[in-house]
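My questions will all concern the structure given below.
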Amino acid sequence: MNPSLKRRGTMQENETKRVKKVCDYGEKCYRMNPVHFREFSHPHLESILDNHTSGGDYPIPDKYNLQKKLITEQLDVIIEKGFYAPRNNVQNNPKQIENKQETYRDRREGKNVEPEASSASHQKVPDKPENTKIMSLNNEAKIKTPIDRGGVVKEKSSYSDYRPIIPPTRRVEDYLNVVRPKGRMAAKHEASAPFYIFYTTITAAKETHSQPFSITFQEILDRSLGELKCSLQINFMVELGWLLAQYYFAGYSEKKLTILYGEDSQDLRTISQKKPHVDAHLVPMATPFGKHHTKMMILCYEDGSLRVVVSTANLYIDDWENRTQGLWFSPKCPELPSEAMPHDGESPTMFKKSLLRYLNHYHMPHLTYYVERVKRSDFSHINVFLVASAPGSHFDMDWGMTRVGSLLRQHCCIPPEEQLQWPLVAQASSLGSYGKDPKLWLTGDFLHNFTKIKNQSQMLSSPPTLKLIYPSLENVKQSHDDLLGGGCLPYAAEAHSKQPWLNSFLYQWRAASTNRNRAMPHIKSYTRVSKDGRKAAYYLLTSGNVSKAAWGSMNKGNGALRIMSYEAGVLFLPKFVTNEDYFSLEQNARNRLIVPYDLPPVKYTDGMSPWVSDYLM
């Protein structure tokens, strides 16, 4: 006999005899990999096998009803591999073991398996499609998963990468202040077309709780949108306990979650040791002046589709309670046919190409799985442009303010003779350091790029008016959180003291039309509005504040655009969204663009000063 075969046979004979360590997860174990059952004992499963009689289903106790399908599959693995010898007639019945092994192999290969005869108390319920999937945490380093700890895509099996929904055992209403009815987000999302723009629900403003354009984080994870398989969260600040609670109450506490973050946190550094399905990575920055400021989600579903969310909110409680935030929540992007090429499924806005360019700029193997999912998805119906910033010197027009200028130059339809009559309204939660003269950047390169239009003469001319919406001290004092409402507005007194000329450009935060007057803005948005306030030429929703770090500054020597931060936003252009030249801002208009603040904006009065973070010191 071949020595290796003899050795293998001896090992299999001794497998059920040796003492195994009891699995630390106990009755909550959801593993399916045979390696795990070879190494660990599971008393609750072994007890079921001990009481199992020939010709019937496994006698699974009622307390495991929610796990019944999973436990059945776990027991099949144990029987098929011979990892446990039951203390009853099964032990001495090789034929039954052989039958169980065939049944398991048939299930694994997707064949129909007739249910065995059983008593009424253990009658088998016909499988639903979603119940034929099997969960695997696969925490052991040796076990292959769809994404290993290094982010490398591994060979995928048909049964070992599913993680089931885990219903929460606690009431969501006891922990979250605003809870919307479950199961309705798909219809709400569909009704938001063609913009798919939402603003966060304000806890202290009940009027916002039922607005069709208001959203909570729980609604982003609502199961009516599809069953989540895994997700990528790209952000700056992450409050881990709050974020994991959101997934817990959505039933996704065991779904694979990858986090890229910008502000260091001990909790995030060590989370994979406590929760192996959560993978968190700090994004290194080349300069302390740059921030990993992007707020983006990629939500991958079990049916192979995905959605992209581009947001202005950090992942912590304050940003989702009494602060005005905005987000674009994409329609579902279905999986392309297996024979499709990676560049197939592109939109007229080239959104897919732009998203891949952004993700690849990280050079992180942890993103490999998500990059592949994007490549395999159909974005052909996406009607917005991705406008992103990434650190470095850029000689193309793919990033920052030159990306904005290039797109507006091609598609913005303001008649040249009306150019000066359409002001740029730039609304932000922080202001940058612009120098002693506004022309050095603010009314120079920045305003020049954000006010480009089609058929514009290349001759230099006076720029349109710039109106900067940023809260005053008085605005913050009347906020829902009093002075603490200014916690999301990090503009410093020292910076303002060096540019007193800025006051002439400042406008107050007023948002009575959307019931967000007292919810301080962490949102950032940019638009061109007609003189009568009835039309908008474009709308840009983004994480980028009015700063050089976010949008870049031109190197006068070599013409490169120097950017320090990561940012992401979406640009809405009428031609692609509504097939018209302008967006309507009128109250009852069809396909109305809803902006969060009041128009026209209200200028600072004499004596008003902008909010500075020093007021909280």
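The count begins at 1 with the first shown residue.
Even glycines carry a Cβ here, placed using N, Cα and C.
Taken from TrEMBL, the feature domain 'PBZ-type' applies to 20-44. Sequence annotations record features per position, and here TrEMBL assigns region 'Disordered' to 87-131. As annotated by TrEMBL, active site, nucleophile applies to HIS293. The annotation substrate binding site is assigned in TrEMBL to LYS295, LYS524. Feature annotation from TrEMBL assigns site 'Interaction with DNA' to SER547.
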Return the residues near HIS293 (active site, nucleophile), defined as same-chain residues 6+ apart in sequence whose C-beta is under 8 angstroms from its C-beta, sorted by sequence, else 'none'.
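In sequence order, the residues whose Cβ lies under 8 Å from that of HIS293 (active site, nucleophile) (at least 6 apart) are PHE236, GLY262, SER543, GLY544, ALA550, SER565, TYR566, GLU567.
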Return the count of C-beta atoms lying within 10 angstroms of the C-beta of LYS524 (substrate binding site), excluding that atom itself.
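Excluding its own Cβ, the number within 10 Å is 24.
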Which residues does LYS295 (substrate binding site) neighbour through Cβ under 8 Å, counting only same-chain ones at least six apart?
ILE234, ASN235, PHE236, VAL310, SER311, THR312, ALA313, ASN314, LEU315, LEU327, SER543, ALA568
Near SER547 (site 'Interaction with DNA'), which residues of its own chain have a C-beta under 8 A away, given they sit six or more steps off in sequence?
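Those within reach of SER547 (site 'Interaction with DNA'), by Cβ under 8 Å and sequence separation of 6 or more, are SER430, LEU431, GLY432, SER433.
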So what pLDDT does the domain 'PBZ-type' (20-44) average out to?
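That stretch averages a pLDDT of 76.
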